[in-house]
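Features as listed in Swiss-Prot:
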| type | residues | note |
| --- | --- | --- |
| BINDING | Leu10, Ser11, Gly12, Gly13, Leu14, Asp15, Ser16, Ser17, Thr18, Val19, Leu20 | ATP binding site |
| BINDING | Cys190, Cys198, Cys201, Cys204 | Zn(2+) binding site |
Amino acid sequence: MERKKAVVLLSGGLDSSTVLAYAISLGYEVHAISFDYGQRHSREMNSSEELAKYYGVDRKIVHVDLRSIGKSALTDDIEVPSRDLESIPEEIPVTYVPARNTIFLSIAAAYAESIGSTDIFIGANAIDYSGYPDCRPEYFNAMEKALTLGTEIGLRKGMHINVPLQYLTKADIIRMGLKLGVPYEKTWSCYKGGEKACGECDSCLLRLKGFMEAGSEDPLEYEKYPTFYKDYIEKRKK
């Protein structure tokens, strides 16, 4: 019996790698898609390549020049804020890329339709989502309807956006990934483009907080470890 196909958005980050492993565990024939959109943290593209090879899945790279649109610290010469965990804002942060998920999901839907798939998986999260409007449940519900109405295969079978991490905390996601055997040492979350993760941007802080709350240690090396994580590691050693 032919396996059902699914397209998984694979950035190379912690969330998308967990979703990749999850979709594989469900028995899907997974086709990964990664986007080179001019992000300053291009290290994640290397991570997505490593993860695709690790899991033995096909990976399509799509180039989308979002730098030409601008207005994001992830693509422009806008400083990525360094702060502590308590100061992560609830409003839309400067790392928001205008309509990124809408663009990515539209392209993923086109790819899915081309291979006869009606399932798209994305690693978005509505709890530790750092204020992004295109990570909310109501957004994905609306986008799923649009892709169903806007594709030929959607009109026949329906298009499904699967967001399995939607209501999980970062700690829950990490626990899930560890059970699935996700090689988190191959992932990359930092918003900055250094050799090591910075340990100060929102993404690094949420990741380290997640590992701490999951009762595990992050296998990545950081330029700077926040005080809460250093205290946690010291307690683990005792």
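Even glycines carry a Cβ here, placed using N, Cα and C.
Taking Cys190, Cys198, Cys201 as the binding-site residues under consideration, the smallest Cα distance to Ser16 (ATP binding site) is found for Cys190.
On the backbone, the CA of Leu14 (ATP binding site) and the CA of Cys204 (Zn(2+) binding site) stand 11 Å apart. Counting in whole angstrom, Thr18 (ATP binding site) lies 17 from Cys190 (Zn(2+) binding site) by their C-alpha atoms. For Gly12 (ATP binding site), the same-chain residues lying six or more positions away in sequence with a CB closer than 8 A to its CB are Ser34, Arg43, Glu44, Met45, Asn46, Ser47, Ser48, Glu49, Glu50, Leu51, Thr187, Trp188.
Using the Cβ center of Leu10, Ser11, Gly12, Gly13, Leu14, Asp15, Ser16, Ser17, Thr18, Val19, Leu20 for ATP, the list of other same-chain residues with Cβ within 8 Å runs, in sequence order, Ser48, Leu51, Gly123, Thr187. A Cα-Cα distance of 15 Å separates Leu10 (ATP binding site) from Cys190 (Zn(2+) binding site). For the pair Cys198 (Zn(2+) binding site) and Leu20 (ATP binding site), the Cα-Cα distance reads 25 Å.
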